[in-house]
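Shown next, in C-alpha cells, is the structure this report addresses.
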2 protein chains.
Amino acid sequence: MAKQKKQPRPKAETPKGFRDYFGAEVVERQAMLSKIAEVYHRYGFDPLETSAVETVEALGKFLPDVDRPNEGVFAFEEDDKWLALRYDMTAPLARVAAQYRNDLPSPYRRYTMGPVWRNEKPGPGRFRQFYQCDADTVGAGSVAADAEICAMLSDCLEAVGIERGDYVVRVNNRKVLDGVLQALGLEDDDEITRAAVLRTIDKFDKVGIEGVWQLLTKGRLDESGAFIDGVGLTIEQAQIIGQFLQSKGDDAQETFGLLSQLIGESVRGAAGIEELEQIADLLAAQGYGPDRIVIDPSVVRGLGYYTGPVYEAELTFDVQNEKGQTVQFGSVAGGGRYDDLVKRFTGQEVPATGVSIGVDRLLAALHATGKLKGEDPGPVIVTVMDRDRMAEYQAMAATLRNAGIRAEVYLGNPKNFGNQLKYADKRRSPVAIIQGSDEAARGVVQLKDLVLGAKLAQDATLEEWKSQPAQTEVATADLVAEVQAIIARHQ
Amino acid sequence: MAKQKKQPRPKAETPKGFRDYFGAEVVERQAMLSKIAEVYHRYGFDPLETSAVETVEALGKFLPDVDRPNEGVFAFEEDDKWLALRYDMTAPLARVAAQYRNDLPSPYRRYTMGPVWRNEKPGPGRFRQFYQCDADTVGAGSVAADAEICAMLSDCLEAVGIERGDYVVRVNNRKVLDGVLQALGLEDDDEITRAAVLRTIDKFDKVGIEGVWQLLTKGRLDESGAFIDGVGLTIEQAQIIGQFLQSKGDDAQETFGLLSQLIGESVRGAAGIEELEQIADLLAAQGYGPDRIVIDPSVVRGLGYYTGPVYEAELTFDVQNEKGQTVQFGSVAGGGRYDDLVKRFTGQEVPATGVSIGVDRLLAALHATGKLKGEDPGPVIVTVMDRDRMAEYQAMAATLRNAGIRAEVYLGNPKNFGNQLKYADKRRSPVAIIQGSDEAARGVVQLKDLVLGAKLAQDATLEEWKSQPAQTEVATADLVAEVQAIIARHQ
C-alpha cells in the first residue's frame, strides 16, 4: 500500500443548501408529525416508507424545471442506471401503486412522512432537503375520497394546535378551469397554453388581479425590473379568467352560480361544478362548514398533473413578513386529484388524490402562534465535587432517571466548578445537584434551583434573595421528591 | 418547445438493494425508536438530525473499502464539490462537533436516528439503505462516559422488550490489545499490521480460534474454497493473541489477572486494564452486574478508528439460521471510544465515545422473540350499500373516529358487495358496518364481526355458528359502544 500523503484538513461544513436540526427542533417536529400520523392512521390510512433513492425513470419529470435532464433532482449513476433522491412523495407512491398493484388493497390509503431533496438554488429559509407529510388515496375515483382528505386535513391542523378560525381549507376543481378555457375557445388539447395559464394564475396571490391580466395577455414588468412575457390571450379572455379566480360567492350556492355562467356549454366544466357540489354536500353532512372548508375558485396549485379537485390549507392569522409588513401566514398544505400518475407505469388509469403538508411551514406557524417555544427542558445535572465518587454520582443520576426525571452526571473535567454550572446553564438544566464528601457524610445533598437562580440574578430585590434561597440542603433520601418539587414549581 | 416523443413506459421498481416498508413495518420501527429515544433523552442526550447529504471530504474514508475513491458511498458532484449520502452517523457527528464547537455544550451528548446509505453489493437481508440509532458523548475523556453508554444500552434493550438474561453487553479496550501487540514486539506504529490483526480477530466469532491462528500466520482456506492470505505472524504470536481473545475469566478480577500476564511491561496495555477496572467498578456501583454488562476481551469491533473502550450488545437466545442450525441471535449494537475523529477537522484532540444500534437487527430480534407480530390492526370499514347515502356513511365513520376508533368508508366501486368484504379482509378490519335504506329507516345497523367470522369459517361446529352469530343488528345510537365491545372481545 502506498504511503499516505499528508492531506489538508477537511472543512467542517454542511453542504450548501443543507442544514442540521438540534434539540427542540427535532423533538417538536417529531411530536407534530406523530399527531398528524395519528389522525391519518385513525382515518384508515396505512404508513408507507419508500426508499430515499428511486430510479430517475420512475421519478419522472414533474418538477417545474422540465427542460434539462435530471434538473431539479440529485442524481447519480449506479450499475448503468441513473438513480436520484426523491423530490416528493407522490412520484414514489405512483411507483409503489404500480409495483405492488396485485398485493395492495384497493382503494389504497397511505400516509408517509420524511425528507425529500430538491436540487434548486438555496435561499433564505429555502433548503435542498426538507420534510413532507403526505396522505393519498389510490384507486378511488369518487370525490368522496377528495372530501375525506379535506376533512382529514382540517382535523390534522386542529390536532397540531391550529385553532379553528385560524385556518381554512379551500377547494377548487381543475375541470372547472378547463371548462372556462373551453368556453373561451382555447383548444382542449393545447397543453402548452393550459400549462402557461395555470402557472400564471397560480401567481394571483403575489401579483393581484391586474398582474394576472397583464401576464395572461402581453406580459408584465416585474418588481426586479425584468419583463415577463405574456401568454398572449386577448384582454377579454384574460378578464374572464380573472372573473373565474374571483368567483367565490358569499356561500357555495352563489359560487356555483357564478361558475356556471363562466363555463358556457362545456361538459367538462359542468362535471367539475357537480363534483364540487358533491364535495360541499359530503362535508356539510359531516359538519365541516365553510368556517373550515370552503369552495374557492382562486385555488389553482402550480403542478400540472392535477386532473380534478385541488385543495389548499391556508392559515389566516397575521404575521410580519421580512419587510415588516403584516400579511396572512398563508399556505401550509395542498394537494389534489391526479388520475394519470400510475398510468405512466401500467397504461391503465388509476384514480388517485392526496395532500402534502409542508412540515417546516406548519412548524413555523406553530412557533408564530406561540404553541411551540423551541425549548427542550434540560436534564438535572449531578455535579462532580470529588472525582473519586463518580460511581455515587452516577447512582444518584440513575435514581432520578428511574423516577422519570431527565438527569445526567457532569462528564467534563470537574476541576473548575464554575464550568460545571456554566454547562448546566447552557443545557437549560432546572436543577444542579451538589454533594461533597462532608455532605455525603451527613447524608445530605445541595439542590441548586437554576431557574429561580437565573430569575433572581436578573431582577431580585435583597428581600427576595433572602426569602427565596435558590440553593437548599435536603436529605439524600428525599432527593427525588425535592427535585420533582422544584421542577413542578417552574412548570 | 419540441414535440414530445412517445417514451417507453418506465419500470415500476425499487432500485437494486433498496426496499419499501409497509404498514406494521413502519409502525413497529417507529414505536421501537421512540422507546430508545426516550431512554437516550432521559440520560440527558439531546437529539440531532444532520442532513442526509455531506461533503465527501467531511465524511472521510472510514469504510472497509478504502482503496477506491468514493467507494462504499453514493456520491455526486454539485457546484464543483463532491457530495455523498452519509454512510453512518459518526462521521456527521464529528463534522457537527467541529463546525459548532463554540456553540455546543461540552461535553455534548447527542442521539440521532435515521437512514444511512452504503454503496455495497446488496444481498439477502442486506440493503443499501438502513436505519441506525446512535448515542455519543463528545468531549468527555473519562471512561465514566463509556460506562454510562453501556448502562444506557442495557436500559434501551430492556425498554424495547429484550428480557434481562437474553442479552449481554460485552466491554473490551483497544489499549489492552495494543499492549498485547507491544508485548509481542509488534511495533506500536505499524498501523498496517495492527489493522490486519484487528480485522482478523474480529472474525473470531465466525472462524473460531483455530481459524484465527491460521489467518494470523500463514493464511486459511475458507468455506468457499478460496485461500485467504495470512497476516504473517509467528505461531507463538498468534497463540498469544488467541489467549487474549479467550481471557475472559469467571469474574472480572480473573479476567484482569489473565490480561495482565499478556501485556507484559506495556504502559498502554496497563492503562487499558485500569480503564476496564474503572468501568467495571462504576457499573457495579450502579447495579449493572455481569448478568447485564461484562468485561470480555473477545470483543474487537472491526472499525479501525476506536482508541479505547469498545463495547457490543449481544442477544444470547437461540434462533434458527438459514441453514436450520440453532445459533445465538448475536450482535445488535456496538460502539466504542474514538478520540481522533473530530481532530481531523480541528487539529485538536476531542475525546468521544458512542454506540450505534442496528435497528433492523433489533427489530428482527423482537420478531424472533414474539414481542412484535408484524400486524397493524386495520380500520373498521363502513360499507356502502347506497351510493346516495355516502354522506351518512362518512358521518358514521367520523363518529367512530371521534370515539378513538380507527374507521373509514369503503371508497372503491360499491357495486359488488363481496368486493367490499374482501377489501375489509385484506385490511385486517375487525368490524364491517352495513346499513341499507331499510336499516336506516328502522334506526339500526348491521355489525359484522370479521375476526369471529374468519374463525368460524375456519373451524366452527354448527352449534358454534348458531350460538355466536358473527353478524348482529344494533341500534344506530349504540354504534360506538357495540363496535368497541367487539374490538375489546378480540384483544
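The backbone N, Cα and C atoms fix where each Cβ goes, and this holds for glycine too.
Given the structure is predicted, the values throughout are model-derived calculations rather than measurements.
Positions annotated as L-histidine binding site by TrEMBL: A:Asp88, A:Met89, A:Thr90, A:Arg118, A:Gln132, A:Asp136, A:Arg301, A:Tyr305, A:Tyr306. Under DSSP, A:Tyr306 (L-histidine binding site) is assigned to coil, being neither helix nor strand in the three-state scheme.
The domain 'Aminoacyl-transfer RNA synthetases class-II family profile' feature in TrEMBL is assigned to A:1-377. Across all of the domain 'Aminoacyl-transfer RNA synthetases class-II family profile' (A:1-377), the predicted model scores a mean pLDDT of 90.
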Diameter of the L-histidine binding set by C-alpha atoms, the set being A:Asp88, A:Met89, A:Thr90, A:Arg118, A:Gln132, A:Asp136, A:Arg301, A:Tyr305, A:Tyr306, in angstrom: 21
A:Gln132 (L-histidine binding site): secondary structure state under DSSP, collapsed to three categories: strand
DSSP-derived class (H/G/I helix, E/B strand, else coil) of A:Thr90 (L-histidine binding site): helix
Under 8 Å by Cβ from A:Arg301 (L-histidine binding site), same chain, sequence gap 6 or more: A:Asp202, A:Val310, A:Glu312, A:Gly334, A:Gly335, A:Gly336
Cβ neighbour count within 10 Å of A:Asp88 (L-histidine binding site): 17
